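Q: Feature list, courtesy of TrEMBL:
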DOMAIN    4-91  domain '2Fe-2S ferredoxin-type'
BINDING   C43, C48, C51, C73  [2Fe-2S] cluster 1 binding site
BINDING   C113, C116, C148, C150  [2Fe-2S] cluster 2 binding site
DOMAIN    230-415  domain 'FAD-binding PCMH-type'
BINDING   R714, A881  Mo-molybdopterin binding site
Amino acid sequence: MTADELVFFVNGKKVVEKNADPETTLLAYLRRKLGLSGTKLGCGEGRCGACTVMISKYDHLQNKIVHFSANACLAPICSLHHVAVTTVEGIGSTKTRLHPVQERIAKSHGSQCGFCTPGIVMSMYTLLRNQPQPTMEEVEDAFHGNLCRCTGYRPILQGFRTFTKDGGCCGGNADNPNCCMNQKKDHTQITPSPCLFNPEDFMPLDPTQEPIFPPELLRLKDTPQKQVRFEGERVTWIQASTLKELLDLKAQHPEAKLVVGNTEIGIEMKFKNKLFPVIISPAWIPELNFVERGPEGISFGAACSLDSVEKTLKDAVAELPAHKTEVFRGVLEQLRWFAGKQVKSVASIGGNIINASPISDLNPVFMASGAKMTIVSRGTRRTVPMDHTFFPAYRKTLLSPEEILLSIEIPYSREGEFFSAFKQASRREDDIAKVTCGMRVLFQPGTTQVKELALCYGGMADRTISALKTTRKQLSNFWNEKLLHEVCASLAEELHLPPDAPGGMVDFRRTLTLSFFFKFYLTVLQKLGKEHPEDKCGQLDPTFASATFLFQKDPPANVQLFQEVPKGQSEEDMVGRPLPHLASAMQASGEAMYCDDIPRYENELTLRLVTSTQAHAKIKTGRPVRCMLDRDEDMLITGGRNPFLARYKVGFMKTGKVVALEVEHYGNAGNSEDLSLRVVGRALLHMDNSYKIPNIRGTGQACKTNLPSNTAFRGFGGPQGMLIAEHWMSEVAVTCGLPAEEVRKKNMYKEGDLTHFNQKLEGFTLPRCWDECLAISEYHARRSEVDKFNKEHCWKKRGLCIIPIKFGIDYTLSFLNQAGALILVYTDGSVLLTHGGTEMGQGLHTKMVQVASKALKIPISKIYISETSTNTVPNTSPTSASISTDINGQAVYEACQKILKRLEPFKRKNPRGSWEDWVTAAYQDAVSLSATGFYKIPNVGYSFETNSGTPFNYFSYGVACSEVEIDCLTGDHKNLRTDIVMDVGCSLNPAIDIGQVEGAFVQGLGLFTLEELHYSPDGTLLTRGPGTYKIPAFGSIPTEFRVSLLRDSPNKKAIYASKAIGEPPLFLAASIFFAIKDAIRAARAQHGGSNTKELFRLDSPATPEKIRNACVDKFTTLCITDVPGNCKPWSQRV
């Protein structure tokens, strides 16, 4: 048969593709065919949001135009027939006018490297097209499918808060509780800083000025849809228009896959190399898109999107009596954390069911509720309940090859019926469940006697299962503590997992099945209002109530404090002012160019890597070669941060004073040396963190293993060494029975002390940071509040911790502490600046322009910067070790001084002249207007052999206080509040420096609580992308996030009295880790029968699994799995 033409619109322009290939994604088409590179390839699996676009179409069922976000990396172009696509280039540009969304993320400092920025812009833009004045909760929900590695998320949320109903920061000009200047004052008398941006500068949002839906597509709304077919080399795509067509096609091609959103099939084709020769799309068929309230429940066509299901059920919950919506609320709880908007907007409810994933979020809920499935084929129709027979095997359903799922009816709940749904994953937003479940109980009328009980689980077998042995035993029993004990014991036996079960985490998963039932048991008791005075559980002791609370997070609140520039500083002198990142507008508009955005050459080749232990190819082509690693390839071949193991002995007095320490450090280098020896070396130089230890010995070894070669990451070994230090310091405090903050302060260095590598501490501002952090965080008052909370809550515990850092600044390899710069001044007065550092989002170019502006005393509008290149500045040092601003800034300054010295005679001749006058006069006098600058850090160098020399130019200091709340039953944790005081000297740019503090902190949050690599026993990496390797998301950051830059702390050893900022703040996130450990200690003291002085091991990262397993209680003791000596585990952790 002849293939049809594919017709769709992109940014208002019609696209007609005569040879549409079903295997081509929208992302590939945009970038390769249309040359629109603003939409980025981040992960290729729809989990990072870098490829987000807006899809608009006329919805025939709703009779209106609808807009929704989608992942271009998963959307086949064949699914876009007669729709309109809007990319970041289509809403605004720096050449014409930025859209308010683009402007606000740029001016509120919400962009650093900028790679994720276009996707975040499009998620927000789509929200505003549907809801011009959203709530803050809706803003946060819109970003469940977006990730950012640099910013720490706070500035993005703060900038976009200005679109919301409750507004945002008003610059102190209104009575607004969200204003950063409307904060309660404390005795430290720190005067509020101006905001980092002024919302009054923003363009207003005018919904009437948005691009219109293409009239040509609108005219088609009354034209009957007809079947279309697209033929590729390997795959045929057929878009059916009627149910009859669909059933006929399924009879002709029984093995064909039905695709609506392609959120699962697309991943299988890309990552599992599966081929589906025939794909049928039923998205247009009315019978598969209907929604209907019936007498027994609400029915949804199988092609209904999860987003539309969610909206329908929310309306039903608001309108119907509470007793009828128990199941609906369970479904909504699962959908709340199911995925990002980009997935929920296109993924169908039927696809989720038929996919038959053993860790499905929804199938256990449907099974427990007794949802009814209507299944049809050509000539047959049947309705079956989703019960334990619906999934006969792994990824199988009871449908025959010719059958399709037509609809699902989700039932109303009845009087005396209660329902709950639970899910536990590594991260709340957009994460795959470890265990998920639906639980339902129906009582005999007017009693608490069980008539029906359903406990259905995902993540406990190769399919969704029902715990039938357990539930059948409890029929006619009463809902009391006896039933609780029997169910838990029975579940532990029935839902057994072998120690080598796929997915690993065996004890954790088994414990969750009991924890979830306990939560359900308490929730039902609470709803029943049942009281048994003689029974602690029966009367629902108030300390148990928090176990029933669903996960909630308050809207983010934040404060940023920094020192204003001195009065009288010239308006043109931008040093010390919060200047936005120079590239932010281009990043927000999608115009910033990254490596794979370089236009394609006609004769270019593509390089693909093949993993092997030997080199097999020699390439000398003489042609351009493009290599763009997919995220899974990148993670597979690139090592991560060096994991460390430490063995230590520490000697201390009863007072908590440490007198001796010995630590052996072992760094996992992987299969080659790389930078691992130097990483271990820096760990040794930071093994003291901030503490004076009279007798100390540290050794370190880089260990060769059969893993990809590990390498340096932000912190370069410092965080590993400091985490070990804080571990033994906290253990000392626990053993002595003393407050941890007291023991830390008692052992802290003082001005003039010598470190263990014999460097004298000068300008030691850490005590100031410590005292200020204690004060602004209200530490002692909150410590009492935490203790009070822990006494009043049995199954939720809070922890509080304050951590200092001392981070050495410069390269320990001394010859790298050099930099060069080139200044070119043109006759019109413009200046071109080049330096040896690489801009990677940290704001280095911006700071260099500020330095040059101050040095030359000209406005930044006259200064342009050229990308780093060795044909202008040779022999550049790596942009790392946090010193790039120090050395390149000083080199720029030196070059500027040369120019100024040459201009001096002309300034004396014409003192009232302008910069342009002096430059013109110099040119006419044949004076050189170009100059190089060079700088090296003086008097640094260190020998490990003799333990002598000066390894660091100076130290950066900071303190963080964090409070967390853990769920002792699931291992979940919430980051409630973090207060940071950071010494950055005299900040060159407070917005960039605060952004670096927050970004580093959130990266550290990932390091210490989320990011965990899993390898197979033979060394194959299992965590290869955002689906399995979890970095912090928008909801991971502390609800209250307060950052203060220490005032009046000039640093005489760096440019304009500033300090390095890139790496030091990362370790401050250890305050979260040790706050979690503090909360676990409270839980163990209550449930595990241990005293508060008992030591226990908690390895980093503190994932939900480790938190739950450490909270020893009656449920964990039922789920201890015996591991035979010859057992080969599913995964190894390093």
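Cβ atoms here come from the backbone N, Cα and C positions, even for glycine.
A TrEMBL annotation is a machine prediction, not a hand-curated record.
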Q: Find the one among the binding-site residues C113, C116, C148 whose C-alpha lies closest to that of C73 ([2Fe-2S] cluster 1 binding site).
A: C116
Q: Quick check on the domain '2Fe-2S ferredoxin-type' (4-91): DSSP residue counts for helix, strand, coil, in that order please.
A: 15 helix, 31 strand, 42 coil
Q: May I ask which of the binding-site residues C48, C113, C116 is closest to R714 (Mo-molybdopterin binding site) if we compare their C-alpha atoms?
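A: Among C48, C113, C116, C113.
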Q: Round to the nearest Å and give the CA-to-CA distance linking C113 ([2Fe-2S] cluster 2 binding site) with C48 ([2Fe-2S] cluster 1 binding site).
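A: Their Cα atoms are separated by 15 Å.
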Q: Among the binding-site residues listed here (C48, C51, A881), which has the Cα closest to the Cα of C148 ([2Fe-2S] cluster 2 binding site)?
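A: Going through C48, C51, A881 one by one, the closest to C148 ([2Fe-2S] cluster 2 binding site) is C48.
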Q: Near the [2Fe-2S] cluster 1 site, what residues other than C43, C48, C51, C73 in the same chain have a C-beta no further than 8 Å from the centroid of the listed C-beta atoms?
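A: Those within range, site residues removed, are L27, K40, L41, G42, G44, E45, G46, R47, G49, A50, N71, G119, R631.
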Q: Excluding C113, C116, C148, C150 themselves, which residues in that chain have a Cβ inside 8 Å of the centre of the Cβ atoms defining the [2Fe-2S] cluster 2 site?
A: S111, Q112, G114, F115, T117, R149, T151, G841
Q: I need the nearest neighbour of A881 (Mo-molybdopterin binding site) among the binding-site residues C43, C48, C51, C116, C150, using C-alpha distances.
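A: Answer for the nearest of the binding-site residues: C150.
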Q: If you count other Cβ atoms within 10 Å of each one's Cβ, which of the binding-site residues C73, C113 has the most?
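A: Per the Cβ count, the most surrounded site is C73.
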Q: Could you round the CA separation between C48 ([2Fe-2S] cluster 1 binding site) and C116 ([2Fe-2S] cluster 2 binding site) to a whole angstrom and send it over?
A: 8
Q: Around C116 ([2Fe-2S] cluster 2 binding site), which residues of its chain at least 6 apart sit with Cβ under 8 Å of its Cβ?
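A: Set apart from C116 ([2Fe-2S] cluster 2 binding site) by at least 6 residues yet with Cβ under 8 Å, we have K40, G42, C48, G49, A50, N146, L147, C148, R149, C150.
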Q: Which residues of the same chain, at least 6 positions away in sequence, have a Cβ lying under 8 Å from the Cβ of C43 ([2Fe-2S] cluster 1 binding site)?
A: A50, C73, R631, G1025, P1026, G1027
Q: Considering every residue in the domain '2Fe-2S ferredoxin-type' (4-91), what is the mean pLDDT value?
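A: Reported value for the domain '2Fe-2S ferredoxin-type' (4-91) is a mean pLDDT of 96.
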Q: Measure from the Cβ of C150 ([2Fe-2S] cluster 2 binding site) and count the other Cβ atoms within 10 Å, all protein chains considered.
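A: Neighbour count, Cβ to Cβ under the 10 Å cut-off: 23.
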